[in-house]
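Some notes on the structure that comes next.
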Amino acid sequence: MGNWIINNGLTSFIHVVWMGINIFLFVWFYHIYELQDRFFYTRHILGSALAWARAPAAVLNFNCMLILLPVCRNLLSLVRGSFMCCGRTMRKQLDNNLTFHKLVAYMIGLMTAVHMIAHLLNVEWYNNSRRGVYDKLSTALSNLDDTENTTYLNPIRTIDVDPQQTPTYLVFTTIAGLTGVIITLALILIITSSMEVIRRSYFEVFWYTHHLFIIFFAGLVFHGAGRIVRSQNTTVPPHNFTFCKDRSDEWGKIPECPIPQFAGGFPQTWMWVIGPMVLYICERVVRFIRYMQTVKYRKIVMRPSKVLELQLVKDGFKMEVGQYVFLNCPAISQLEWHPFTMTSAPEEDFFSVHIRSAGDWTDKLIHIMQQLPEGAQGPKMGVDGPFGTASEDVFDYEVAMLVGAGIGVTPFASILKSIWYKFKDSNPKLRTRKIYFYWLCRETHAFEWFADLLQMQEKEMEERGMGDFLTYKLYLTGWDQSHATHVTVHFDKETDVVTGLKQKTHYGRPNWDKEFEQVRKENPTSVVGTFLCGPAALAKVLGKKCAKYSDVDPRKTKFYFNKENF
């Protein structure tokens, strides 16, 4: 349990607080609408569906306030920088921004469903009450005269429409109904297009439908203006419902029972979301300003395995290891921005990204670059960033385990390059004394573009007598019989037949229990940062291993798990 708390304690505490606030808001507002006297007559018509509609609305307000904040990446980067003096655990929470964004979205989806179902029942019961289907009191409340159309209780003000069509008429002719339909449709499209299978295979669909959030928030702000849910106003003399509820024929005729008057509640949603909306608008303004800044191509290189390397230069651009940028190519799409981890080091006078063919956008970009004449500048490129990630903290650890899968090696290319520069310049601030690097690839060609950097690292460490500083293991997870035969024939060579490195390539997947046990044995009193840029399945495995092999004793080895999130 103690090991789990080391890696997940604060994250779980934040989730518990968030869930606690949701539960409190639901229970509190359910209590208000289910028990308060001013809603007695409204409850008489609608029953508990009133509370079941309004309690989720309060939870929706809270979560709609939160949903935009995790995607304000410039704001998060600013906050993350201000936390550099604080503990790594606090900064780690900011790296879970997209996980929290999804969690909040799930709550919005759930509460929207409950809110919508309850209001559909409310509309049906309003309609039945207006047409005298229920008891005498419900009919009297629904038929209250209202010359100025302001003090009624039942929002269905006419019975000239066919009874079966009245609910539809109300939904599409009122502010609350129409905006509710728009909000719900936008949310359905946003949620369904966010499914993993669509996001991975049809990113453009996900990207464009996600921008329906603009329509969602616009509808949300105006949704409460319809004031469908109404409560009893105080009158002079007062209308005592406990005495008057059974005397509806005498309302307005005896002083004890004046005609009851009702009013809709003041719209509150805009007060919840206006702050985050302003912050997000500022976020988009910053992005636009960055987009307009000139970006020049220093070098365009086509690497093996359809990997494109872009070396770019931008005035005033400063980065740290492991950070990422968003790229936009107007020649492909004016609106699409895609995240890429930078592979260059902060010490270099340019920044670079490696882009793997993984969809329509990347395929089109690679095709455009392949058609360029030698030495020509590429198409206009917009750059937003850089933004901080978990890998930024790698040099805060005495020992680091870097795990990359496929193109997920890119943040570690930046780290290894930076280490090379730090050794070259004899940087005294380098705190890290040991790095374990693991790279998992399905095909041999994927190793080629990164092997040069590792060869340079090998040579540098040997010349400085620091061959033990970097331990790296490359794993080939996919091969055929011809490749296996070739490796067997050349096994006795000093260098690996796949990479040309002195360290031989391993075949299959790592035995993580063995690897973690070895790291713990070699570093019995160290804090080890484990960094992953790879699939969620591998993240789950490494997270469990970090918890398993961390010691509760503060004097012994602890593993902190960090994952790149885009």
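Using N, Cα and C of the backbone, Cβ positions are placed for all residues, glycine too.
What TrEMBL says about a protein is an automatic prediction, not a curated fact.
As given in TrEMBL:
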type: DOMAIN; residues: 278-393; note: domain 'FAD-binding FR-type'
type: TRANSMEM; residues: 12-33; note: transmembrane segment
type: TRANSMEM; residues: 45-69; note: transmembrane segment
type: TRANSMEM; residues: 103-121; note: transmembrane segment
type: TRANSMEM; residues: 169-193; note: transmembrane segment
type: TRANSMEM; residues: 205-225; note: transmembrane segment
type: TRANSMEM; residues: 270-289; note: transmembrane segment
I'm a bit unsure how to read this: which one of 12-33, 45-69, 205-225 has the highest number of Cβ pairs shorter than 8 Å with the transmembrane segment (270-289)?
45-69
Counting CB pairs under 8 Å, which listed stretch among 12-33, 45-69, 103-121 touches the transmembrane segment (205-225) the most?
45-69
Using a Cβ-Cβ cut-off of under 8 Å, list the residues of the same chain that are 6+ residues beyond the ends of the transmembrane segment (12-33) and lie near it.
39, 43, 50-52, 54-59, 62-63, 93, 100, 103, 107
If you run through the domain 'FAD-binding FR-type' (278-393) with DSSP, how many residues end up as helix, strand and coil?
30 helix, 37 strand, 49 coil
